Amino acid sequence: MDPSLIKVVNQLQEAFSTVGVQNLIDLPQITVVRSQSSGKSSVLENIVGRDFLPRGTGIVTRRPLVLQLINRPSASGKNEETTTDSDGKDQNNSSEWGEFLHLPGQKFFEFEKIREEIVRETEEKTGKNVGISSVPIYLRIYSPHVLTLTLVDLPGLTKVPVGDQPRDIEKQIREMVLKYISKNNAIILAVNAANTDLANSDGLKLAREVDPEGLRTIGVLTKVDLMDKGTDVVDILAGRVIPLRLGYVPVINRGQKDIEGKKSIRIALEAERNFFETHPSYGSKAQYCGTPFLARKLNMILMHHIRNTLPEIKVRINAALAKYQAELHSLGDTPVGDNSSIVLNLITDFCNEYRTVVDGRSEELSATELSGGARIAFVFHEIFSNGIQAIDPFDEVKDSDIRTILYNSSGPSPSLFMGTAAFEVIVKQQIKRLEDPSLKCVSLIYDELVRILNQLLQRPIFKRYPLLKDEFYKVVIGFFRKCMQPTNTLVMDMVAMEGSYINTVHPDFLSGHQAMAIVQSQNSKPIPVDPKTGKALTNNPVPPVETSSSSGQNFFGSFFGSKNKKRLAAMEPPPPVLRASTTLSDREKTDTEVIKLLIMSYFNIVKRTLADMVPKSISLKMIKYSKEHIQHELLEQLYKSQAFDKLLQESEVTVQRRKECEQMVESLLQASEIVSNV
């Protein structure tokens, strides 16, 4: 297996970290999770072979530490051992050093300085209290004594806030850890103390939440030497307690007394090897125990994992690169050239697109909803047409109103025939009712044009120039409102025109004779039939002849009703308000029904006419006019101020986003080049 695969991932991590992004691509990495005081720091230092991690009480690791170990042979070509002084302390040498990504080019040969820099960089982001931050620190260590490996050291899980710790510190750490270990490409290194119940391990519990089958979790058992006499971890190693696909590795760490006494890691690793080789439970499997085996195992697991996921990583890098390149293209380059020409081109493009959207020729036609001109057609043929067809003239005009108008139009002498005056009065009143829905149609079309305007102003170019967008909106809205005035006037004139002349010879109008025939056919009584013989019964009784007194009530009786003879003889003056009575004579019934038929017939003609002509008027005065003159209006208004520099001032969001996209593209191009060589 080629160790350079791990270096590839390290290079990708650095490429993405330079733009401040850690989650752009899900890279293979080993994440370390554990409870506090489980011995995690000692495990990592044993793998490195150096003391370099901050130590103390409470939460010491307060930022993720991406630890990149690079195996680098010594300059002499020999595998130099880490030297110790007379007190057993590790000595620094020129073949081992550390480098921080935030301090490029600066080498730390003294590992105590590395610890100090970790503390300093942590406090720079989190302060000197016990707050935490998810922004990682990148540390690369070169040494001939390490295997090429990358580990992400995460803050230890805690339960109860201590001292100045935030009350929700447990939640903060849990969310941070889950953010790292929930990625499918993350190998979880769960560090657990062997002298505690494994079922209560916080690290394993959290790992099982995101990896319930234990497919990408490897367990590390620390403090094996501190277990009660007669107990061991053989059952755990055999997978009989909590099985993990990648298994467990037992290790021995330095105790607190050893650390305080500056016991070298080289000596501690030798003691670890002797412990496992001489222990009755582990002697036969000593080669699978200890820190050196753990490092080799992690190295092999990570390399296999990288090899398996590398094709997917290449695909994701290329997809992300295409995405950010497209966004960068939509944001456009920094404007170059004459600003007046730029504004002219924007006006031309906007007006052309406005026409295509209204005409339904846009390249971005939706398959899920109506848009543009289709919505205008819906207003014309569904909302407006159905709206005026639903208006019933007899919603407001009752039969009694019709009779009253009939009598009023007759003047002082009762009319022998039904005149046209009453018909025209009622029809004109009802035609006037069609004005409001017609004007409402104009308003709805205005709303649709504004909707199209807002749709066009959502284009990336207008997000780039917010002041120009505001000016476009103001000018076009004012233009639409100017278009509404002559449109409303024309529509009102059309309604008034229909009411100014009642064309009773219209070919579709029902004639008086036809209306009378329809009413008589509806009112004709069927001839009774003998149920036995089936023949018509002709011996009907002759209806009584009306007396002069009863016939005299055909007209006036409906107003005055019946009165006693004494009051009639007194000839009292009529009341201030006269209303028709509810009693109708046969003639009144017939006249009322006939005029209702005539009103409905003519009103339907007018409704059909307006349903056809109002959309045509709006199309002429608003839609067609706006398509032809919107460009002239924009040119006139925008060029009047000559404030092109101000209009083309880019928004801070656009400038910042372009910078971010440029950095992303540069980073992804670098990443693409890295993986293309593998």
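Note that Cβ sites are derived from N, Cα and C of the backbone, with glycine treated the same way.
According to Swiss-Prot, the domain 'Dynamin-type G' annotation covers 24-311, on the basis of sequence analysis.
Per Swiss-Prot, the feature region 'G1 motif' maps to 34-41; the stated evidence is sequence analysis.
The GTP binding site annotation in Swiss-Prot covers 34-41, 153-157, 222-225. Neighbour count (other Cβ atoms within 10 Å of the Cβ, all protein chains): 20 for Leu157 (GTP binding site). In the three-state DSSP classification, Leu157 (GTP binding site) falls within a strand.
Positions annotated as region 'Disordered' by Swiss-Prot: 71-96.
Marked as compositional bias 'Basic and acidic residues' by Swiss-Prot: 78-90.
Looking only at the region 'G3 motif' (153-156), the predicted model's pLDDT averages out at 87. Sequence annotations record features per position, and here Swiss-Prot assigns region 'G3 motif' to 153-156.
Marked as region 'G4 motif' by Swiss-Prot: 222-225.
The annotation region 'G5 motif' is assigned in Swiss-Prot to 252-255 on the grounds of sequence analysis. Here the region 'G5 motif' (252-255) has long-range neighbours at 39, 42-43, 46, 222-225, 263, 265, 268, 271-272, 275-276, 290, meaning same-chain residues at least 6 beyond its ends whose C-beta is under 8 angstroms from one of its own.
What Swiss-Prot records for 592-678 is domain 'GED', and it gives sequence analysis as the kind of evidence. Remark: secondary structure over the domain 'GED' (592-678) totals 79 helix, 0 strand, 8 coil, with classes taken from DSSP.
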Worksheet item: Using a Cβ-Cβ cut-off under 8 angstroms and a sequence gap of six or more, which residues of the chain neighbour Leu154 (GTP binding site)?
Response: Thr31, Val32, Val33, Thr61, Pro64, Met176, Val177, Tyr180
Worksheet item: What is the number of residues in the region 'G5 motif' (252-255) that are helix, strand and coil, as DSSP sees it?
Response: 0 helix, 0 strand, 4 coil
Fill in: Tally of residues which DSSP labels helix, strand or coil - the region 'G4 motif' (222-225)
2 helix, 1 strand, 1 coil
Practice prompt. Determine the Cβ neighbour count for Val224 (GTP binding site): the number of other Cβ atoms within 10 Å of its Cβ.
Written response: 24
